[in-house]
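Below: one structure, written as structure tokens.
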Amino acid sequence: MNTATIKTKINTAQPTSVEQVEKESVYSTRQLNLWYGNNHALKNIDLEIGENEVTAIIGPSGCGKSTYLKTLNRMVELVPSVKTSGEIHYRGRNIFDSSYGVEELRTRVGMVFQKPNPFPKSIYDNIAYGPRIHGIKNKKILDEIVEKSLRGAAIWDEVKDRLNENAYGISGGQQQRICIARTLAIEPDVILMDEPTSALDPISTLKIEELVQELKEQYSIIIVTHNMQQAARISDKTAFFLNGEVIEYDRTDTIFSNPADKRTEDYISGRFG
Amino acid sequence: MRYIEQEKVVRRMNGRMVVNRVFQGLFMFATALALLALVILLYRIVSQGAGHLSLDFLTNFASRFPDQAGIKAALVGSIWLMAVVAPTSILLGVGSAIYLEEYAKKGRITTFIQMNISNLAGVPSVVFGLLGLTIFVRALALGNSILAAGFTMSLLILPVIIVAAQEAIRSVPGELRDASYGMGATKWQTIVRIILPAAIPGILTGSILALSRAIGETAPLIVVGIPVIIQFLPEGVMDTFTALPMQIYDWSSRPQAEFQTVAAAGIIVLMVVLLFMNSIAVFIRNKFDKSY
């Protein structure tokens, strides 16, 4: 009798613990709400984002997907009149805690923006910017970081002979990979990407997509995209946002082949958005 | 059915072309008028004053004999004045601009301050002279020194520098700030490493143009009590001095006709100084100009 109850206890406990081990959460968002003034932009968001996965966030314009991404490294607070409630835990720590400095958070969580935005400096200085602001002055170490980051972003061979040229002189696709390299140079844990290919041509887009596949071995990547094929191609999980709410969040193949919600299906099949 | 009838369009074409021409002519006339005024002014001054220009004119002190009158004290005085005005006004002006653009919360108070700065830029210079007389000459007991005049001039051009620097800072694309903050840079690091380097051409151009205004101003100097005739060079910022526009004003108000020639020569010197400063501004703008 006693052994039987113990057995059932173990049986019920096992599945949950297995699940937890399988998907270590980098970010867990709990009851996140966000307002721009009176505009309720994010409503009761609950999301768990897994380690070494690519998580895609899709949804029509104005659904709050970029806002959510920018909340993860608190860049959204640069907009005046933003208010938030709820919690986002990054590696177990609430990022809204007053003891958690945004600068500290942003060294762990890098960001790549929609439009390539290199600094009007040399390619070298662009990559070395992050390490320098975090106090690295040694030229040798900087050289190593620059090479490693550029190799990591698969652009080393294209720019190794022109490191001292202005980053504005290269193509938009190359600039975006420079921006990815610049993010890698701060040795982040998570990389946030806000529609990184929306300003690029198809070939550059392909290169970035391939890069994302390589990067997920080492980093957890969260990517906002307008392009549903892109989400299907590169992501492991997909969250569908609509009017500031998460409608559905599941494995990407499930979302695209067998969505649970009618609205997800409508959006994916191109009926709106 | 079509709303635009080709026939009517053709019929109206001639009238439209005439109006087009008329306005082109009007605008050209406006430009030509301004140019003409400038040419006449330059011609008058150069033809009058060129004869009096010589090395002696630059190295002599003022004199009651027109042929011996020189501009040395005024030229050196103006350089001293700039040496006080430039650092004071640029530091304070750029500092205020950075505060207003990067730190201050946008709200009613900021808007109020902003509005007042813009208004200050339009206040007549003689009013700034009175302010300088009250604060620097009397209250702080600096007397009619280079320092007192320099601070007064700094106040006068401060609004212009603040507005120019604000515009330069504002024109730095927001994406560059985002990129910097996104890597964990502090506000100060972002300002020093990204914003100021990108804004420096605009800031310097605006500052130099404002300084050119200060070097040509007379009214505040008169109110502050700067003497005209000085037979020595200042040795420090607490000494008194005279400046180019003061000297020119004095010469041109003398009854002897010969002094008009001396005044014209003085104006040429002042204009050369101004042109020199403006060309520095142009040089800086071209050298540092970056397209985003």
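Placement of Cβ uses the backbone N, Cα and C atoms for every residue, glycine included.
Nobody curates TrEMBL annotations by hand; they come from automatic prediction.
TrEMBL lists B:75-280 with the feature domain 'ABC transmembrane type-1'.
For B:21-46 (among others), the entry in TrEMBL reads transmembrane segment. Only residues 6 or more beyond the boundaries of the transmembrane segment (B:21-46), in the same chain, are considered here, and those with a CB under 8 A from a CB of the stretch are 264, 267-268, 271.
What TrEMBL records for B:79-100 (among others) is transmembrane segment.
Under the heading transmembrane segment, TrEMBL lists B:120-140 (among others). With a cut-off of 8 Å between Cβ atoms, the residues of this chain six or more beyond the transmembrane segment (B:120-140) that come close are 147-149, 151-152, 155-156, 158-160, 163, 217, 219-225.
Sequence annotations record features per position, and here TrEMBL assigns transmembrane segment to B:146-169 (among others).
Taken from TrEMBL, the feature transmembrane segment applies to B:190-211 (among others). Through the fold, the transmembrane segment (B:190-211) approaches residues 82, 85-86, 89-90, 93-94, 97-98, 102, 157, 160-161, 163-165, 167-169, 171-172, 176-177, 179-181, 277-278, 280-282, 284-285, 287-290 of its own chain, all at least 6 residues removed from its boundaries and within a Cβ separation under 8 Å.
Here TrEMBL flags B:262-284 (among others) as transmembrane segment.
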Item to check | Residue numbers, six or more beyond the limits of the transmembrane segment (B:146-169), whose CB comes under 8 Å of its CB atoms | outcome: 77, 80-81, 83-85, 88-90, 92-94, 96-98, 100-102, 117-118, 120-121, 125, 128-129, 131-133, 135-137, 140, 195, 199-203, 205-207, 209-211, 213-214, 217, 220-221, 224, 226, 234, 236-241, 243
